[in-house]
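For reference, the structure is listed below as C-alpha cells.
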Amino acid sequence: MSYCTLAVVGNFTYPSTSTSNPNPKVSISNSTQRRKEFVSLLKNCKDANQILPIHAKIIRTGHDQDPFILFELLRLSSTLSSVNYASTIFHLVHNPNVFLYTALIDGFVSAGSYSDGISLYFQMINRFIVPDKYVITSVLKACGSRFALREGKEVHCQASKLGLSSNRSITMKLMEFYGKCGEFDDARKVFDKMTERDVVASTIVINCFLDHGLVEQAIEVFDRVRVKDTVCWTAMIDGLVRNGEMNIALEMFREMQKENMRPNEVTIVCVLSACSQLGALELGRWVHSYIGKHHRIELNHFVGGALISMYSRCGDIDEAERIFAMMKERKVITYNLMISGLAMHGKSIQAIEIFRGMIKQGLLPTSVTFVAILNACSHGGLVNLGLEMFHSMSRDYGIPPQIEHCGCIVDLLGRVGHLKEAYNFIQNMEIAPDHVMLGSLLSACKIHGNFELGEQVARILMNHGVVDSGTYVLLANVYASSGKWKEAAQIRAKMKEGGIQKEPGCSSIEVNNEIHEFLLGDLRHPQKEKIYNKLEELNQVLKEAGHIPATDAVLHDIEDWEKEQALAIHSERLAICYGLISTKPCTTIRVVKNLRVCDDCHSMIKLIAKITGRKIVVRDRKRFHHFENGNCSCGDYW
C-alpha cells in the first residue's frame, strides 16, 4: 500500500491511503463516507458489547482492512478492557503498519500486559517497520514496568539511530525506564543531556530515587529545582511518606505553604497519611480546615477516607464518625476504614452497626472488611458474633478465609480465655499458622496464666523458622514470667546469635503542632530536666497511691530495684510527663507508641489519669487505649 498525504487520527499523525481502492466493488467516495460512518459509530461506543455488531458490519461491507477504521477499532477495544479482542483483530490484518502496532502495544501497556507489548514491538522491528516516537514511548513504559533492562536498552539504541533520543517525550520515558530499573547513572546521563531540564523532568528523577528509597538523592535534586509546581511538591511529599520519613514530609508541606503553592487532592491525602502515622492530630485538623476553606478540594471518598483514617489513627474517633456521616459518596473502602477505626478504639458494637448499614446499602464486603469486623469482635470479646461472621465469609459472600481472618479468631478466643479452643482451631486450619497468630496465642497464655500450653506454643514458634524480634521478646517474657530464667536467657542468646535486634521502644507526642519523640531513657530533649523531675514526682505519688511496679515485665534476672528503674524510663512515660508539663490542665494527652504498652506502664497510666484528672489516649502497635478516671477502654486486655 502506498502513502502520499498525512491525516490526523486521535493523537497520532496518521498517513492516509493513496487513491488506489483496496476493494474494487466499493467506490472511493462511498468508501470514504463509510469510513467516517464507522469511525463515528466506534467513537460513540460505551462498552465492549457495542463493538461486536459494528465490527460485523465492517467485515460485511469489506472495510476490515481499512487502516483508519482498524486503528479506531484497536484503540477502542483496548480502552474498553477488551485487549484480547483487539489482539484477535490485529492478527487478521494483512499488512499492519506502525500505527496499528502502536494502538495494540498501547492496549497491552494499559492492561498491564507489559511482556506482550514488548514482544509485539520487537515483532514489528523484525518485520522492518520503522518505529516512531509514539511507539517508542509506549514500549519504554512497558520495559520500565517490567524491569526489562536489556530490551529497554535496545529500544534506546534504536531511538538514537533514528535521531529520536532527544525527543522530549522519549527522553522523559528513558529517564523513567532507567530509574525504575535502578540504573541511576544512565538516568542521570539522559537528564544531563536535556537542553531544558524543567520541573517535569526533575520530578521524574525525584520519583525514581524515591521509588528505590534514595531519599537524600531525591532531596538533592528537589532542592536544585528553581521553580517547583504542585506536582513536584506532591511527588516529594508522597515519596517521603512512602519511605517512612513522616516528619520530613510534614516539614516539606510547611515549606510548600510558605511558598504559597496550593496543594491538590493528592497532596492533601499524602499529608493526612503522614499525620495518621505520626499521630499529629492538630496538624491533621489544620489540613481538614484547609479543605473546608478551599472548595476545589471535595470531600469525596478519596479525601474523606483519608480524613477518617487520620482522625481514627490520631485518637479522635468521634470526629472520624462525624466525617463519615457527612460524606455523600461512600464506597466499600470508606466503610472498611470506619469499621477498622472503631475496632481500634474498642467501639465494637458501633463497628458492627456500620457493617450492617453497609450490607443494607447493597455494598458487598471484601476480604479487608472481614478483617476489620473480626478485629472489632475480638476487641469487644464478642465470641459468638465473631465466629458467625467468620463462617459467613465463605458461606454468604464466597470469600475464602485467609491467614489474617484466622488470626482474628485466634485472638478473639484467646482474649476470652478459650485457649484450648484457639489451639484446636489452629490445628484444624487448612492454612499453616504464621508467627503472628502463634504469638497471639502465646500472649493469651501468658495473660491467662496457662504456662503449660504457652510452652507448647513456644516450642512450635521456635521451630517455625521466621520469627521477628517482637516474637522472641514475647517468648522470653513468657519464660521469665514463670521464673524460667535459664530458658529466657537461651532465647536472648538465640537472638544475639541470629543478629536479631530488639526493636527500640519509641513514643511520640504532638505539642503546639510539633512532634516530640522519646526513646527508652531518652536524654536528648531540651527540657529533659523538667521531664525527669515530673517523672520522679509522679513515681512518688504513685507509690503513695499503692502502685506496685510489675517487675515481671522486665526480662532480665536482676534485682527488683533494678527492674523498677528499667520500667520507670519507658518511652511512653517520658512522653506523658512532657505532655503534663507542656499542655494546659484538663486537656487530653495523646501518645503514639511503636510497640505494645507493657503491663506496668498500662496500670501506671490508669493511675496517672485518675490522679491528674486528665484523659490520656495511647496508640500502641495493636490498638488505642483511652485512660480516664482510673479505667482503660481495653478492659485490661490488649
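In case you wondered, yes, glycine gets a Cβ from its N, Cα and C as well.
Taken verbatim from TrEMBL:
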REPEAT    97-131  repeat 'PPR'
REPEAT    167-201  repeat 'PPR'
REPEAT    229-263  repeat 'PPR'
REPEAT    300-330  repeat 'PPR'
REPEAT    331-365  repeat 'PPR'
REPEAT    468-502  repeat 'PPR'
DOMAIN    546-638  domain 'DYW'
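Taken residue by residue, the repeat 'PPR' (167-201) breaks down under DSSP into 26 helix, 0 strand, 9 coil.
Tertiary proximity for the repeat 'PPR' (300-330) is limited to same-chain residues at least six positions away from its ends with a CB under 8 Å from its CB atoms, namely 265, 268-269, 272-273, 275-277, 279-281, 284, 287-288, 291, 337-338, 340-342, 344-345, 347, 350, 354, 361, 588, 590, 617, 619, 624. Here the listed stretches are 97-131, 229-263, 331-365, 468-502, and the one with the most C-beta pairs under 8 angstroms to the repeat 'PPR' (167-201) is 229-263. Counting residues per DSSP class in helix, strand and coil order gives 26 helix, 0 strand, 9 coil for the repeat 'PPR' (331-365). Taking Cβ pairs closer than 8 Å, the repeat 'PPR' (229-263) reaches residues 199-200, 202-203, 206-207, 209-211, 213, 215, 218-219, 222, 270-271, 273-275, 277-278, 280, 283, 290, 294, 515 in its own chain, all 6 or more past its ends.
Helix first, then strand, then coil: DSSP counts for the repeat 'PPR' (97-131) stand at 26 helix, 0 strand, 9 coil.
Per-residue pLDDT, averaged along the domain 'DYW' (546-638), amounts to 82 for this model.
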